[in-house]
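Have a look at the structure below, then the notes.
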Amino acid sequence: MEKDGLCRADQQYECVAEIGEGAYGKVFKARDLKNGGRFVALKRVRVQTGEEGMPLSTIREVAVLRHLETFEHPNVVRLFDVCTVSRTDRETKLTLVFEHVDQDLTTYLDKVPEPGVPTETIKDMMFQLLRGLDFLHSHRVVHRDLKPQNILVTSSGQIKLADFGLARIYSFQMALTSVVVTLWYRAPEVLLQSSYATPVDLWSVGCIFAEMFRRKPLFRGSSDVDQLGKILDVIGLPGEEDWPRDVALPRQAFHSKSAQPIEKFVTDIDELGKDLLLKCLTFNPAKRISAYSALSHPYFQDLERCKENLDSHLPPSQNTSELNTA
């Protein structure tokens, strides 16, 4: 351990293979030499430092992640450690040590044989996804980049959210890479560069919900404007009252369109599933369903998991006041 309480990654973890590379840096599968050689996932991030050392925002974000870890929520990936690799006057290389899960939702969907994911499995996975998201939101943590690649699926079908609450930690690394972050799961308010909060994650959930049925993305745009156009082709052009006022792109830039039946794009979805999907894919974030409300949606009424006490994994609301609201 160093004086800042962070471990030295090169002393405890032995890299086995590189398992991913994205906008945020490289991800390695490694052995934890101090814990029986268990496999972990190492995410390496470069953080810009100044005369005062590591930015307060980064320290705060790490503190939030460590606080969330104390709850050991079943639908949130475990954060075992935060380590430093090396330091210079300009940057510190952080290594975030997470539990290792062999596959993400993208891999899972690719492997599923015809005719696709059973509807009851989709329902179960959606419930777990929403339960993990509600936990994050109850701590005022917005995921911001929810997509199948950072939803992990264990061999027993357990869903775990990964890569949440890391936007500030990753911001410096993102400036150094040319990797394009996918637009396909981004909410309209993000594409329009409007202000946003927790509802952005529910839009992403809607896109992922549809993809579980389709096994391919619902909206596949090539730019912010193209992505928005593809969204409006399906859900229709919203009224003037629902268009955000703090954006440069006016509603008039898009042709007037009516909403198309969602079952045209998402076959095999039942009426209750369709209702939940449309509540997630609501253009106006103020009218979009919350994760907490979605857990009580009639779509889940026949799911055995719903009989469990949802509050058993939720922190007391009064404990969120000291947490990061960014």
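Glycine residues also receive a Cβ, built from the backbone N, Cα and C atoms like all the rest.
Keep in mind that what you see is a predicted model, and the values were worked out from it rather than measured.
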Annotation match for phosphothreonine in Swiss-Prot, from Thr49, Thr106, Thr121, Thr154: Thr49
Which candidate, of Tyr13, Tyr196, Tyr292, Swiss-Prot gives the annotation phosphotyrosine: Tyr13
Candidate annotated in Swiss-Prot as phosphothreonine, out of Thr70, Thr95, Thr107, Thr267: Thr70
Phosphotyrosine per Swiss-Prot (candidates: Tyr24, Tyr170, Tyr185): Tyr24
Glu21 (ATP binding site) and Asp145 (active site, proton acceptor), Cα-Cα, nearest whole angstrom: 15
Assigned element (helix, strand, coil) containing Tyr13 (phosphotyrosine), judged by DSSP: strand
Local Cβ density at Asp145 (active site, proton acceptor) - other Cβ atoms counted within 10 Å: 23
Residues satisfying Cβ distance under 8 Å from Ile19 (ATP binding site), sequence separation of at least 6: Val27, Phe28, Lys29, Ala41
